[in-house]
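If you check Swiss-Prot, you get these features:
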- 33-45: compositional bias 'Basic and acidic residues' (COMPBIAS)
- 53-63: compositional bias 'Polar residues' (COMPBIAS)
- 32-71: region 'Disordered' (REGION)
- 90-127: repeat 'TPR 1' (REPEAT)
- 162-195: repeat 'TPR 2' (REPEAT)
- 215-248: repeat 'TPR 3' (REPEAT)
- 465-498: repeat 'TPR 4' (REPEAT)
- 500-533: repeat 'TPR 5' (REPEAT)
- 536-569: repeat 'TPR 6' (REPEAT)
- 592-625: repeat 'TPR 7' (REPEAT)
- 626-659: repeat 'TPR 8' (REPEAT)
- 697-733: repeat 'TPR 9' (REPEAT)
Amino acid sequence: MKNSEIRPEKLHLRKLRKSLRKIRMKCLCSGEQMRHREEEDKKSEVGVGRDYNGSSALSTAESENAKKLDNGNIEEAELSLRETSSLNYEEARALLGRIEYQKGNIEAALRVFEGIDINGITVKMKTALTVREDRKHRRRSKGGFSTAPSPAMSKHAVSLLFEAIFLKAKSLQRLGRFQEAAESCRVILDIVETSLAEGASDNVTGDIKLQETLTKAVELLPELWKLADSPRDAILSYRRALLNHWKLDPETTARIQKEYAVFLLYSGEEAVPPNLRSQTEGSFIPRNNVEEAILLLMLLLRKVNLKRISWDAAILDHLSFALTIAGDLTALAKQFEELSPELLDQRELYHTLSLCYQGAGEGLVALGLLRKLFSEREDPNRTSGLLMASKICGERSGLAEEGLDYARKAIGNLGKECSQLDGAARFVLGITLTESSRMAVTETERIARQSEGIQALESADMTNPRVVHRLALENAEQRKLDSALAYAKEALKLGAESDLEVWLLLARVLSAQKRFSDAETIVDAALNETGKWEQGKLLRLKAKLRLAKGEVKDAIKTYTQLLALLQVQSKSFNSAKKLPKGYVKELMSLELGTWHDLAHIYINLSQWRDAESCLSRSRLIAPYSSVRYHIEGVLYNRRGQLEEAMEAFTTALDIDPMHVPSLTSKAEILLEVGNRSGIAVVRSFLMEALRIDRLNHSAWYNLGKMFKAEGSVSSMQEAVECFQAAVTLEETMPVEPFR
């Protein structure tokens, strides 16, 4: 076939391939190699007419896959030629770089891409994207026809160069040059962001290929900054990806939101709070990493519920972690409740909700959910649910019997399959047995349950500091102080140095042994081990120990230090973040107790005005406090105002009928009055006090006074026994309750 007989489009295609090969050689080869390849090209041109039917312009040695790649890129080149009448240097490099990248020749591709003058073509690309083809941007030609100003670069060329910049970033990434890769990738976003600001939205989003490259670049940039060990730039890139209008599809946006939330939670880099350019007044602005992550994950869950994105269980896992460390488990429970029913099994939902409410301090709500679970015949979480229910019941004296039943069922379900769960079950069983012993009707039953509870605890995992701490607590409350001290020390050895309650118990046991200096040494050691915000309870105990040693001025000084700490703590947290409900309650209780302790000190010093001042501060915190009304009654009693004292004690019992100090104080005043007809009332008050707290030495002492007032021989004998019990208990009484 002669050259004249070859169809024009075939000749055009052959010339185009030849041009591409020459440009490719210029990009990849040295000068000598280039001359050698040009000679080969001339030889191949001589036989082009003869060989056309049986071969193509490509070498027969090239693989079929390479042919497909070249054909695709030639089509790109032809499209560029149609739009601009020429294929310029940058576009040719973009095409050839893509060919090398697709073949896996990363270093060769990078050499080609580095030949593109990015700075030189940036302005042209921005101009091409911002040109509008509407009427107000058109101009009149001489013939009166309306023509659009043609940009220096076509949209297709812009798309081609965007892809080249993106592939350059990917090449740098694969070669481990992450900083350069991120800077290259950022160029795409900078160009588009500037163009969008000038109203080029339709030009960007209207081109499918360009939008696809932009989406990939937006998603890649934060990952590159993370690889470059630049977390702050990664955070800024994530925010840029989510706050700008890139027209990303929902799934891509969801992926970016999830990855950003994960980075905020686990990277260890504290992000600066976002400075939002446009926000409605009163809108929520996250103040730290956790809040920002929670916001992102909650948005993702809402999209899942609205079926805008597919379900991803990891979202819920990360949100559970974030809300747990934020101390807002009630909010986590709400998120679970709002999930679509088909996403979670009903039994799993109830079990998770019960965990949330238990962690939030709403044990009774959790128990109600668990009771619903137990009605199911087949529940995979049954054993763990039984243990949780038993623990909840064990913390409430009125539900101890129910908790005992749950614990025994859990042990029965386990058998010998899981030693760890068996140890946990025996731990919970020990707690419920010792708690239920307090409600025992007879002394025999009480002792039997206490003994069984101790045995259950000792059969639990004795390498667990929580188990050993519980044994120390039970022995301390039974006044087995030597055993309690040994267990408390063992708990510290097992790794409970960070557990404030173990330090407190150890110091309280020492104070019960009247070793006040040793107890203060333990408190000082604990102060060195704990953080500043956790020192409140330790400082209060230290003040009580100093008071027990007769160091009243030092005790008042320590209380003043504690109040200053509480004031600073309250202001700091109020300005920084929302506190968990339980923590706020604990702070208020600690401040309230401090004012009450100071009031007692000033009453003993007969400084009535100072005592009244402390009680006034207490009233501001809790207007209806049985403890405060009891202290007011003590103040009136010390001043000889018995009627006012009786009224204060009565008010305290109206607020809390089980307030033991008010029961004993009211009985004491009735005994002082000396009305024999009131003996029955005194007896009822004291017996109720001992039913609630059988180790209260003041109740035993006043009961002895009551028997002595009766005057009979048998009553005198009972009085002696009561006085002996009171003395024994007072000798082993800690400066503050063991729990």
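Every residue gets a Cβ built from N, Cα and C, even glycine.
Shown for the repeat 'TPR 6' (536-569): DSSP residue counts in helix, strand and coil, namely 31 helix, 0 strand, 3 coil. Counting Cβ pairs under 8 Å to the repeat 'TPR 5' (500-533), the top-ranked stretch among 90-127, 592-625, 626-659, 697-733 is 697-733.
Most Cβ pairs under 8 A with the repeat 'TPR 9' (697-733) among the ranges 162-195, 215-248, 465-498, 536-569, 592-625 are made by 465-498. Looking at which of 215-248, 536-569, 592-625, 626-659 has the most CB pairs under 8 Å to the repeat 'TPR 2' (162-195), the answer is the stretch 215-248. For the repeat 'TPR 3' (215-248), the model gives a mean pLDDT of 92. With a cut-off of 8 Å between Cβ atoms, the residues of this chain six or more beyond the repeat 'TPR 6' (536-569) that come close are 500, 503-504, 507-508, 511, 516-517, 519-520, 523-524, 526-527, 530, 587, 590-591, 593-594, 597-598, 601, 605, 735-736. Counted with DSSP, the repeat 'TPR 8' (626-659) comes out as 27 helix, 0 strand, 7 coil.
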